Amino acid sequence: MTIRPILIHPDPRLKKVTAPVASIDDDLRRLADDMLETMYEAPGIGLAAPQVAVMRRVIVMDCQKDAEATPEPMVLINPEIIWSSEATSVYDEGCLSIPEQYAEVTRPAEVEVAWLGLDGKPQRARFDGLWATCVQHEIDHLDGKLFIDCLGPLKRQMITRKMQKLKREMARG
Ligand SMILES: [Zn+2]
């Protein structure tokens, strides 16, 4: 397993709609392993393939935040939201591609998602709580959407300027 570099906003690859996975092969299994490793190392609770510059519809998540509990890694291939609750919830979201910036985002409190597992079998589940927020945030990445796109233009520009500054600093080393 390899830790892959995470793209930092603004980056044109984070704004693109990604392509569905056509076949689950060794490359894809390696990508899923690397994404989980990269997410745990960050640390984060979710990661989408475009964040590691792979323009395919793959996300990984583990919202089990209790350090004592058994990890619950999930790999979702071609995930699709097939139902959303009318009830909403607000969560102070962050993103590994927008480090150290957080903002409240309102989303449906519960969603039902269909996807393919690594074994190629169709799966379906309902998510609530932090899992619901996370799965919606990650699926947005597959459509080139970031959580700051849910905010007003001023807040979004402020965060984007901070990220441009951070990237200049990183480039200087
Ligand atoms: Zn994110």
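Yeah, the Cβs are placed from backbone N, Cα and C, and that goes for glycine too.
TrEMBL has this to say about the protein:
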BINDING   C95, H137, H141  Fe cation binding site
ACT_SITE  E138  active site
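Apart from the site residues C95, H137, H141, the chain places the Cβ of G46, A48, Q51, E93, L96, S97, E138, D140, L146, F147 no farther than 8 Å from the centroid of the site's Cβ atoms, the recorded Fe cation location. Reported as a whole number, the C-alpha separation between the residue listed as 'active site' and C95 (Fe cation binding site) equals 9 Å. The C-beta environment of C95 (Fe cation binding site), restricted to residues of the same chain at least 6 apart in sequence and closer than 8 Å, consists of H9, Q101, H137, L146, F147, I148.
In this view, H137 (Fe cation binding site) is surrounded by 24 other Cβ atoms within 10 Å of its Cβ, with every protein chain counted. The number of other Cβ atoms within 10 Å of the Cβ belonging to H141 (Fe cation binding site), over all protein chains shown, comes to 22. Under the three-state DSSP scheme, C95 (Fe cation binding site) falls in the strand class.
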